[in-house]
Amino acid sequence: MPELPEVETVKRGLTPAMEGTRVTRLELRRGDLRFPFPDAFADRVSGRTIVGLGRRAKYLLVDLDDGNTLISHLGMSGSFRIEEGAASGVPGEFHHARSKDEKHDHVVFHLQAASGLRRVVYNDPRRFGFMDMVGRADLATHPFFRDLGPEPTGNELSAAYLAERFRDKAQPLKSALLDQKNIAGLGNIYVCEALWRSHLSPIRAAGTLVTAGGRPKAQLDLLVASIRDVIADAIAAGGSSLRDHIQTDGSLGYFQHSFSVYDRESQACRTPGCGGTVARIVQAGRSTFYCATCQK
């Protein structure tokens, strides 16, 4: 499933293609994705101008000129592609040679841009993604967002904040980091990578990173820095392409070539001088990769 860096990459790819354009028609080629589309969805979007794109956690946000925001979640296999006029406007004939089967094109944004007509197509073979619509003023209280913690890239995330959340918690550290109420948008891949960078075991209790007085230990400061760094590195690399993720220009993210522990079971740990081996365990139904030698 695309994680925060992948969704951020998609947002950055779509912004120059969609921002400032008018939706001449929203074409729905079926009645639902994972969930049914909102009532009168096509009518409510058609004719509107897109004033901006954003992201919250793993959700893509498309702001319209009437004060509404379209919410899109990519699910397991969702992706967008951009087409100029009747042909692709991206290098490599992405939508012909590199796209998924066009029979899985479920939503088409027909756009009028200053340069001419354009289409942005949502493709989703597994149909595990979904779309919704909400007034921008109500976004923070929408069920998708009201319980989310701070973004891992924002100033709200700090060691002091996590100390408050983790204090006296026996919950495994990895599980605490994946809890979207603690940090929004942080997923399995990047939690594994951040824990490796900060030399912390995924199975240790989250509360052990907090002093008896409730202050963050130095290890928690290092963890916050590692989270920021791994997310920034992944965004710079275009995200990770595992199974189904494709960027809007058809290219594949390549941060997976920089994985230090994720999906490296039985391989040598990359911490200099460690000498350990990457192990795989299962926590809450998800694979965890870590080095028991240097992650404590």
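The chain as shown is numbered from 1 upward.
Yeah, the Cβs are placed from backbone N, Cα and C, and that goes for glycine too.
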For the DNA site that Swiss-Prot assigns to His104, Lys169, which of the candidates Arg126, Arg146, Arg197 is also assigned?
Arg126
Name the residue range among 38-74, 260-296 that Swiss-Prot annotates as zinc finger.
260-296
Which state, by DSSP, holds His104 (DNA binding site): helix, strand or coil?
helix
Residue distribution over DSSP helix, strand and coil in the zinc finger (260-296):
0 helix, 14 strand, 23 coil
Just to verify: the residue among His104, Arg126 with the fewest other Cβ atoms within 10 Å, which of the binding-site residues is it?
Arg126
Run through Pro2, Glu3, Lys58, Arg286 for me and report the active-site residues whose CA is within 10 Å of the CA of Lys169 (DNA binding site), in sequence order.
none
Looking at the recorded positions Lys58, His104, Arg126, Arg286, which ones sit with their CA no more than 10 Å from the CA of Glu3 (active site, proton donor)?
Lys58
Taking Cα atoms as reference points, which of the recorded positions Lys58, His104, Arg126, Arg286 is nearest to Pro2 (active site, schiff-base intermediate with DNA)?
Lys58
